[in-house]
Structure formats: C-alpha cells, structure tokens
C-alpha cells in the first residue's frame, strides 16, 4: 500500500538534475535563488560549508553547471539575496553572514562589509589584560581571576579573547597570552541568522532591509543602502541574565508601515517583535528546540519543525493549531507556494532521506531522496518557476521540477481519514457572556414549561388536521396533478412559455400505470373568456400508452386591456363522466406590457 | 479531383497552404525562429516573450506556411492542445543549452504525443535543437536521446541543430519539413483544406 502510494506521489515531480558529486555541504539558510544578472535566468547561490574550516566557498549555479565560486573567510551562517537600491538593471545583492560580519556581494564581487557593533567589555576584565601586558600579574593569576569573573558574569559576557583563553589547552596558554595581550581586547557578537524584510514596497523586486539575529540576543534591522541600524530589538528582558539567542528568523510586512519578526530561539521559545518595539514578546514556549520555521504570508500562521519529531503550527498570536508527528527527525523545511491551487505547502525533509509535503496538517505528497536532505529550497531556478532544490548530507545536489499538470489532492482521500483530533480541539473556546435577554428568556421558559408544551402540542395537532383536510379536499375535487385512483393513473404537468400577450401552454400527460391503456379522455381548459382567448379550449387525447410522455400544445392570448393575469384550470376529463379525472390550476404570468403596445 | 490537378500537386506546382504549430518551452527561441523566415521589412529587432500566440506567414518551396507561434510560458502551455486538431505539422523548438529543463521538455513532448488529436495522426514533427552556438549546448543527438525520440515510430520526425539568430540549420529543417508536409498533402492523404486555410491568401 505504502509503496503504491509512493509511486503515485512521485509522478508529480520531474527529476531535472542529479549531481551526486557536487560535494556541497550546506543548510537551507545558506541557499538562495536570485536573478543575479537581471536576465530572467535565476541562479542558485549556495554557501558551501566545506569541511567546516576549509573549502568554505560561495558557489553560484547556472542551471546544472557551476557558474562561479568565491572563497569565504569564515563559516557562513546565512545567505540571502535582496535588492539594495533602485538602480537599473535590477540586480540583487547577496549578503553572506559569517562570524560577526555581513559581506555584501554585488554582481558576485565584494561590495561592502558590515561589522556588528562591538560591545562593552567588563572593566575588570580589561584591567586584568592590561596588567598582564604590563607584566604586573602572572598568567596563572590571570586564568584564575578570569575563571572567577566567568562565574560572576557568565561566559557569554566575556570578550572573545578571554573566551578563547579559557578554552585553551593548559600547555598553550602562555604562548596564547603572549600573542594576544598586545592587541586591544574586544567583545563582539556573531550573527546567528539572517533574513530580509521589504522596506517600503511589497513588490517582488522592492528594496529590502536585512534582519540579523545575533548571539547577544538582539535582532537588528539594517538599512539596505547606508547599512545603519534602523531597529534594535532585544529578545530578553534587561534585568534577566540568561541570553535568548535567535536560531531561526522570519520577517514579513513592510519596514516603513508595519512588520512582524518571528524568532524561534535556542531556548525553545517563539518570540515576536513588531514595529516600534524595543523588546520582543514571548508568543509561546515550545516543547522542544526548533529546527526550521516558515511563516505563511496569508494568515501569518507559523509552521515549525521541532527536535521532538513533530511539525507544529501556531496562529499569529501563538495559539497551537495542530501537531503532526513525523516518522523521523526533521532536518529542513521550506514553503512551496502553489498559486494555481491557491495554497502553500510545507516541505519537510526527514532524517533518512524522505521528504514530506504538507498542506496544513494533511500529508499530500512524499518525495524520496537517496540521503537526508540538509538544504532545501523551492522557487524559480533558471527559466523554471517551480523548482525544488535539495542538498543532501553527502553533498549531492538534486533538482526536481513540479510538473505543469501536477495537481495535489488537497481534499485528502485516505490520508485525512486517520488524522486524530489535535490538541487544538481541547482548547477552550471563548464564548461571549450571556446577555440579560437570554437569561430572562431562560427563566420564562423554565417557569411556564407545561403551558408552553401544551400550546405547542395544540398547534401541532391543528396543523395536522388542516393538512389532512386539505388533502381530502384535493382528492375529492380531483384537484391534484397526479391521479392514482381508479382506472386512470395519469400524471399531468404543465408549462407556460412566452412573455405574452401570446403564450404557449404545453401540457404533458403520462400514463403511470404498469400495463393498462388509457383511452377516451380529453384535456379541458377552464378560463375567463374576458381575459384570455384560447386556440384549442378542448384537446382530444388518443390512447395513452404506459410510461410514454405525451405533450400537447395550445396557444393562449391575453385579450384583456389591463395588464392583469388570471388562473387557468386544466382538467383531464373522461367521456361520459361528470367528475374530472384530475385537475390543475395554472397561474398565468403577467404579460409583458411592451409586447401589447 | 481531375488528373491534371493530381499531376500539378505531384510536381509541386500548385501553391499549397499548410498550418503548422510552433511549440516549445519559454525562452527556447520560437519567435526568433519564425522571425528569421520573415521578409527583411517585417523582421522585428526585439523579441519579447509571447503572450498567448502570434500568427506568422512564410513561404518555402512553393508551400505557404501559416505558423502559430504559441507562447511557451507555463501558464499558456494549456493553449497548445486546442490547436493540435487543425495543424498539419508541428515544429518543436528546444533550448539545447537548458539542460535543467530537458526533463520538462520531455514531459511536454509526452503530453503532446499522447493527445488524441496528435496520436491518431501521422503529423510530421520537426525538432529544432536551438541555441547550438551556446557554449554548454547539448548536441542534437544527445537531445534526441534525452527526449526519447526513438520512441516515436508512427510519425515522421527530424531533429536538427539550429541557431535562430544567424539562421544556421533552419533551412535544412524547414526543407525536410516542407517535403514531409507535401507528401502528406498528396492525393489519398490530403489534409483538410477547407476553412481559413483555403481562403488564406499568400503573397
């Protein structure tokens, strides 16, 4: 069953390209697609982490071939493409965040380097380093005092130099101190994640600001041209000592109008920052650490893959919407917008090489990759609009293209049947307060329950009697369009065509008996001769065979001067019988005044 | 049809009118290919992505072609199938430098070949492996194997490498195409020539 379904799934994607020897080791945050040369041919820009210390490169793929590569100085934490200015042709810049710097590339040439502002160094620490430089204290004393300081203010508050020193092997300590005591000590934070935020226009090619999350627990919004800090949002409260470090950032809205930045932090909290805020607000404390996150542009709901093998969705206010348990640990996640089906799927890559596509909580597709996919991006690549780019842990590159005819089954057949009700259903709904009117009504009903029931019962019986009477009357006067009694089971239906004053009436007779023939009957019209004149007031009907519908037509002219309408009685009569077999009343339509003129 | 008419058609003396469909992915060079066949005065200097389709007319070896230059953009590819019915040949333009989308080309070709209006008829198909001048262009042989053209057994087809900007390779392809169309147009297998084609005036 499962294998069969997988076969069915696979047909939605075309295997466009597989390069098992690409040897690119990367994550989703270091992959971006951009129209680098402004020629409509989208390139794949990927920061290759190499071995972690060597072979760190920024690679550009044009279609299936490697277009260019640039060496990077440090391990990158994020790569984004964004438009810096309005200059023509509209070529996007590439921002590579690594260490405490952000390198901006334009036309794949280094353009600008932005360094995060340095932070204040503890005066005691500064003093210690100065004393060791002037050889007033021994190296051992320095180590001991620094260790004390660490216990006092925390490791994260020390300068980079001290941090390195404390992490050194005891044998290398003296040489390290010798080497670094000359340089002025600095405390600098590093970039943990980076994303973009549109500045003033929501256009696809509009200028965007960079949004940077730092190790010091801050979110910075940078101006795209001057690279000044436009906003500085602290993730933690001023007084609390624990640092909250953002791991994944997602920003949407416009910087100049209103924006929201959602940060999934390393301590497992989901935090929100908005325009004008200097501190973030805790949305929800997640049950596990985040792996990857996406925010839906339509309703701002947050879909996040966690380290406890679940995919969870939160509303923009942080309310849990649903939880899906994944069959394996999640490695990466990316949104797949499908404008032709007006939805956005979420692709989750799992440990082991499986890729699952979810529409909300419903699994709609499964893709198999030879290895766990660590980097996943969907978007325009080359000339293709719907390309899914995957980098596996063993460094191979896979490109799949969504078929033009692909249609995901979003209604869900068998897959949605076994979805268990989520935690969302156990959340108490907010019911509005009871009104005064409601209470009065309840009181009245409680007091007069016997009387109300009797009144209801009486009215119900009255209604039934009325119905029965009307029914008997109709049967007695044969005033119903279906005659079931006696030897003539005939069904009559009438249709009035035209706008007037000339109408056409079509009477259809049908013998609804199983085998008996009906003969010697006719159709008689009864009408006001001041109102209407009829072509054939009586129609002689030949033998009616069982089951066959017989249409009869006659023309009716409204001869009244006034634009009034009247009823016409149609009766099916039998020769030598005074009572009609059946009858119907037809309300004639008001005739079109214009037609009379 | 009289004997004279038959002879005239056989020798290709009569001016024949055929309707051909030009399809292919976006940016493969369909409009540029057709632009090459236009007279010097009509040639457009700037080619922009086609929206919907354009109708172009040109003549080759006494055969008048009415070419429907279909847009290759994903959202307009649905239109192609509506014109399969009343065309007498298909020119399929492939961007031979776009290795990434060869799978997409194959998928579109499969859709075309499986369409009832195409699968039931022996329509000649000319494949143009365009942009042969590009550095990373695939050879026409590689494209033929990549698209699985050897599977097409019931239709005459031909592939040739081309460069629509200089016009290289186009003449060869169109000469083959004209011959095929002419054969189809011979007695017993004559295409339907009623409707707009019969009245279509060609200078």
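For all residues, glycine too, the Cβ spot is worked out from N, Cα and C.
Given the structure is predicted, the values throughout are model-derived calculations rather than measurements.
In the record from TrEMBL, residues B:24, B:25, B:26, B:27, B:28, B:29, B:30, B:31, B:130, B:131, B:132, B:133 bind GTP; the candidate from B:72, B:89, B:173 listed for the same site is B:72. Filtering of the binding-site residues B:26, B:28, B:50, B:131 by Cβ separation from chain A (threshold: under 8 Å) yields B:26, ordered along the sequence. Counting neighbouring Cβ atoms within 10 Å of each of the binding-site residues (B:30, B:131), the lowest count belongs to B:131. Cα-Cα distance from residue B:133 (GTP binding site) to residue B:50 (Mg(2+) binding site): 23 Å (rounded to the nearest whole number). Secondary structure at residue B:24 (GTP binding site), taken from DSSP and collapsed to helix, strand or coil, is strand. The most densely surrounded of the binding-site residues B:26, B:28, B:31, B:50 is B:28 (count of other Cβ atoms within 10 A of its Cβ). A gap of 18 Å separates the Cα atoms of residue B:131 (GTP binding site) and residue B:50 (Mg(2+) binding site).
The Cβ neighbour count for residue B:72 (GTP binding site), using a 10 Å radius over every protein chain in view, is 24. Scoring each of the binding-site residues (B:24, B:133) by how many neighbouring Cβ atoms lie within 10 Å, the top position goes to B:24.
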